[in-house]
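**Student:** When I checked TrEMBL for this same protein, it listed these features:
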- 326-341: compositional bias 'Pro residues' (COMPBIAS)
- 36-128: domain 'Ig-like' (DOMAIN)
- 133-228: domain 'Ig-like' (DOMAIN)
- 233-318: domain 'Ig-like' (DOMAIN)
- 326-368: region 'Disordered' (REGION)
- 1-23: signal peptide (SIGNAL)
- 373-393: transmembrane segment (TRANSMEM)
Amino acid sequence: MILKHHLVLTLCAVYGILLKVTAQKSTLRGSSGQHPLVQNQTVTEGGTANMTCRVEYNDQTSLQWSNPAQQTLFFGDKKALRDNRIELVRASWSELTISISEITLADEGMYTCSLFTMPVKTAKAYLTVLGVPEMPEIDGLTKPALEGDEITLTCMTHGSKPAADLRWFRNEKEIKGAKEVNASGKTFTVTSSLQLLVDRDDDGAAYTCKVDHVALLQTPQQATEVLEVHYAPRVAITNSLTFPQEGQYLKLECVSKGNPSPDPVMWTKDGGELPDVERMIVEGRELTFTTLNKTDNGTYRCEASNHLGTSSAEYLLYVYDVPSTLPPSTTPPPRPTPPDTTVPLDPHLASSDPPNTNNRDPNAMGQHGPDHALIGGVVAVVVFVTLCLIIVLGRYLARHKGTYLTNEAKGADDAPDADTAIINAEGNTHAEEKKEYFI
């Protein structure tokens, strides 16, 4: 009996231990599964935020949502705060979801989901509200601006959160401006400035300020202003003929550009009025000559002006004579084909008829005239040899002096004729010797 009693007590103790272990495991499992799960939310101002709290294992314990001011919004499916913007989406033992519509910046903050166990378990989710920037405005534009002015365009936008980014464009080409950010409560005021030195090329240019912000992914905001610039005119003259001739039709156009438009323009010739208004017709900016002649030669001046200044251009007209013959062709003559000087390899071809020499290039020097270099060389050699001979002969005669005798018939001057003079000379045996020297 005693043994049976001890056996029963032992079995009861083991069973109690098993029950205790099982209870502890159940308690740990329920404790780990009964923890609320939430997520942070980001909503654009004016939008709707859905706040969800979930529990994996819930033993029918209530869930509750509270706002940043610790005011209860919903306890289970029971609404606790009178706010028409807050509504219940889903309520169960494992989930509590509410929605807040028409979100404002004041709704931003930390929201708390509470699970009423022992002790109470909580989870926090941060609601971020994006401030939508207002439509930008461009200031500092004076209409009209004058060429050479310095102006500053300023673009400003309010209410952005976080701070927006402003970008400048000139005719769709981005240009850089100076950015400035100022905080105003929870939002920011962003300003961007653009300094311009106004030029006539800016007339009609579109300057656009565009707002870049995370809350404006689908609806970008921008402002555009078109710049109007007033400037003095510039003038140039174009003509319809390059070489005007007598009897031709000629048109001169005065191309003037200015703002305001410089209308009308004034034409003069050589500082005075147009002499022949019947042949020189002025229509708007054009001066037309119906029939040119030599009296039209001169300097023609076109002048245009507006309230900012005056500009002019001149054109010197010279009327050419009508050519009596056709002008020479500008097409170059065909080049002659050079003769084929290749020696044939075939002996039968070598014994054939000699090539035609009439196909020589007429422009080749060696084919139609003597070689001037060769002729010049021969002439130079002949002249040189001649000079050398003259020098040698002169030196020889200077060193070797010769003598010779000459007989003169005495009394020849008194003889009546030649025969008598000879006879008288033969009879004179004592003729005197005369010497002549060559120096």
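Backbone N, Cα and C atoms are what each Cβ position is placed from, and that goes for glycine too.
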**Student:** When you scan the chain for residues with a C-beta under 8 Å from the transmembrane segment (373-393), skipping those not six or more beyond its ends, what do you find?
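**Tutor:** Cβ under 8 Å, 6 or more out: none.
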**Student:** Tell me, roughly as an integer, the mean pLDDT over the domain 'Ig-like' (233-318).
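**Tutor:** In the predicted model, the domain 'Ig-like' (233-318) has a mean pLDDT of 92.
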**Student:** Just to be sure I understand, if DSSP states are collapsed into helix, strand and coil, how many residues of the domain 'Ig-like' (233-318) fall in each?
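**Tutor:** Split into helix, strand and coil, the domain 'Ig-like' (233-318) gives 3 helix, 49 strand, 34 coil.
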